[in-house]
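*Asks:* For reference, the structure I am asking about is given below.
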């Protein structure tokens, strides 16, 4: 059996740009991509914490150290500058591998300041 697992996640990054007329994609600081193990041109899901919208696009690399999160093209209808979003990528793998798999997670605060990275997501009770 093949399972689809969380590969990498940027947790609570802030949208810095939204360009409706750009070709598409989401430009992400290369340091952030590296931290989450997301590759340029990889499919990503974006979950907008601010407005509840969920959408898919692909990642492109923004300048390393820029802290840019730029939602482009039609996806710009789903996010505005200042919105808090979660960006995730997924990977398919055999069941045996999936049982021990740990995703790459980067946590952010403020103006896209990376606070820490982890290989697990802690259980939280609401």
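Every residue gets a Cβ built from N, Cα and C, even glycine.
Feature table excerpt (Swiss-Prot):
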ACT_SITE  25  active site, schiff-base intermediate with substrate
ACT_SITE  58  active site, proton donor
BINDING   57, 73, 74, 75  substrate binding site
MOD_RES   25  pyruvic acid (Ser)
*Asks:* Counting across all protein chains shown, how many other Cβ atoms sit within 10 Å of the Cβ of residue 57 (substrate binding site)?
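*Replies:* Around residue 57 (substrate binding site), other Cβ atoms within 10 Å: 19.
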*Asks:* Of all the binding-site residues here, 74, 75, which one's CB has the most other CB atoms within 10 A?
*Replies:* 75
*Asks:* Fill in the CA-CA distance, residue 57 (substrate binding site) to residue 25 (active site, schiff-base intermediate with substrate), as an integer in Å.
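*Replies:* Residue 57 (substrate binding site) to residue 25 (active site, schiff-base intermediate with substrate), Cα-Cα distance: 5 Å.
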*Asks:* Taking the Cβ of residue 73 (substrate binding site) as the centre, count every other Cβ atom within 10 Å, in any protein chain shown.
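*Replies:* Summing over all protein chains shown, residue 73 (substrate binding site) has 16 other Cβ atoms within 10 Å.
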*Asks:* Taking the residues the record says bind substrate (57, 73, 74, 75), how far apart in Å are the two Cα atoms that sit farthest from each other?
*Replies:* 10
*Asks:* Around the substrate site recorded as 57, 73, 74, 75, what other same-chain residues have a C-beta within 8 angstroms of the site's C-beta center?
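*Replies:* Other same-chain residues with Cβ inside the cutoff are 24, 25, 26, 55, 71, 72, 76, 77, 78.
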*Asks:* Please report the Cα separation of residue 25 (active site, schiff-base intermediate with substrate) and residue 73 (substrate binding site) in Å, rounded to an integer.
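*Replies:* Their Cα atoms are separated by 7 Å.
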*Asks:* What's the CA to CA span in angstrom from residue 58 (active site, proton donor) over to residue 75 (substrate binding site)?
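*Replies:* Between the alpha carbons of residue 58 (active site, proton donor) and residue 75 (substrate binding site) there are 10 Å.
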*Asks:* Hey, what's the Cβ neighbour count for the residue listed as 'active site, schiff-base intermediate with substrate' at 10 Å?
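*Replies:* For the residue listed as 'active site, schiff-base intermediate with substrate', the 10 Å Cβ neighbour count is 19.
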